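Residues or ranges marked as active site by Swiss-Prot: HIS108. Residues or ranges marked as NADP(+) binding site by Swiss-Prot on the basis of sequence analysis: TYR25, GLY26, SER27, GLN28, SER51, SER53, ASP83, GLU84, VAL85, GLN86, GLY134. According to Swiss-Prot, the Mg(2+) 1 binding site annotation covers ASP191, GLU195, on the basis of sequence analysis. Feature annotation from Swiss-Prot assigns Mg(2+) 2 binding site to ASP191, GLU227, GLU231. The substrate binding site annotation in Swiss-Prot covers SER252. Sequence annotations record features per position, and here Swiss-Prot assigns domain 'KARI N-terminal Rossmann' to 2-182 based on sequence analysis. Annotation source Swiss-Prot lists domain 'KARI C-terminal knotted' at 183-328.
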Amino acid sequence: MARMYYDSDANLDILNDKTIAIIGYGSQGHAHALNLKDSGSKVIVGLYSGSKSATKAKDAGLDVYPVDEAAEKADLIMILLPDEVQKTVYKNQIEPHLKEGKILAFAHGFNIHFGQIIPPENVDVVMVAPKGPGHLVRRTYEQGEGVPCLFAIFQDASGQGRDRAMAYAKGIGGTRAGILETTFREETETDLFGEQVVLCGGLSALIKAGFETLVKAGYQPELAYFECLHEVKLIVDLVVEGGLANMRDSISNTAEFGDYTRGPRIVTDETRAQMQKILSEIQSGQFAREFVMENQTGKPVFTAMRRQEAEHSIEEVGKDLRAMFSWLKKR
């Protein structure tokens, strides 16, 4: 079993004399910056000129600089930008300021693991990856709690890389919940696999296929939406709260029997073979190469697929039905 580390295992004082630059101020960026600031760390934010996030960061009491200036001032540089832009920003604005003893940090291992970013040998390269969205990282911190994190060391030039990563995780509240040590390879490959096979690709395809099957059979699209999309959250919440057993304990016997007897007919040996193939494409770097090439050529296929998916009939049906949900209007 993997070992979890908690508050008593990490020493935040290690970062006391460090200036931490958060590059990016989106979902994760704002949470990391504010949590570290509230933990007593000296935090600055690096943003591109004209960023709409600059005002938000300044209003939160943070000093904002252009990325290159923030990288120059900082001892620890946490890159919290989309995967596809990290290489260019790193090469042009961060790498020139990586002096011996600095710490380069990430919240996802994609660019390091697949060789898009190759750091100099005289800096620590670490990862701290909260297993939750930024708003949850921030909210739980403010409540005196935290979101579990993964942490990893790719390069330990100082001999303190591990302690520094754990201190950073403590600063954003991770050790309150528990942090788990991994590697850049393991985090990257499992994260991509989960996204593609289960959380995003698999779930989206399953929802659409179920919806389309019912509509094709003559059932009202609104009912198909309720049964195949809307109720997903109800089931997932039960799974998250207590695992599959908790979910099965909470549903009807009819639903549970259907789960056991019909579910395996959906995820067949052929499905598992495709899962293995997708994993192999991730491990070999094939997916990474496809993604990098797609972005280098202006994202034509990605843009077309995004447009096509947005026009699926389930989106129009959902838009009308969600207007009925009073609890969504309160957000």
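Backbone N, Cα and C atoms are what each Cβ position is placed from, and that goes for glycine too.
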Restricting to the record's NADP(+)-binding residues (TYR25, GLY26, SER27, GLN28, SER51, SER53, ASP83, GLU84, VAL85, GLN86, GLY134), give me the longest CA-CA distance in Å as a whole number.
19
Rounded to a whole angstrom, what is the C-alpha distance between SER27 (NADP(+) binding site) and the residue listed as 'active site'?
14
Those residues of the chain, 6+ apart, with a Cβ under 8 Å from that of ASP191 (Mg(2+) 1 binding site):
HIS108, GLY109, ALA129
Could you tell me the mean pLDDT over the domain 'KARI N-terminal Rossmann' (2-182), as a whole number?
98
Judged by the number of other CB atoms within 10 angstroms, which among ASP83, GLU195 is the least packed of the binding-site residues?
GLU195
Provide the number of Cβ atoms within 10 Å of the Cβ of TYR25 (NADP(+) binding site), excluding the reference atom itself.
26
Fewest-neighbour residue among binding-site residues, criterion Cβ within 10 Å, set SER27, SER51, SER252:
SER252
Given the binding-site residues GLY134, GLU231, and counting only Cβ atoms in the protein chains shown, which has the most within 10 Å of its Cβ?
GLY134
Please identify, among the binding-site residues GLU195, GLU227, GLU231, the one with the smallest Cα-Cα distance to TYR25 (NADP(+) binding site).
GLU195
Can you tell me how the residues of the domain 'KARI C-terminal knotted' (183-328) break down into helix, strand and coil by DSSP?
126 helix, 0 strand, 20 coil
Closest of the binding-site residues to GLU195 (Mg(2+) 1 binding site), Cα to Cα, picking from SER51, ASP83, GLY134, GLU227, GLU231?
ASP83
Which of these binding-site residues is closest to ASP83 (NADP(+) binding site) if you go by CA atoms: GLU227, GLU231, SER252?
GLU231
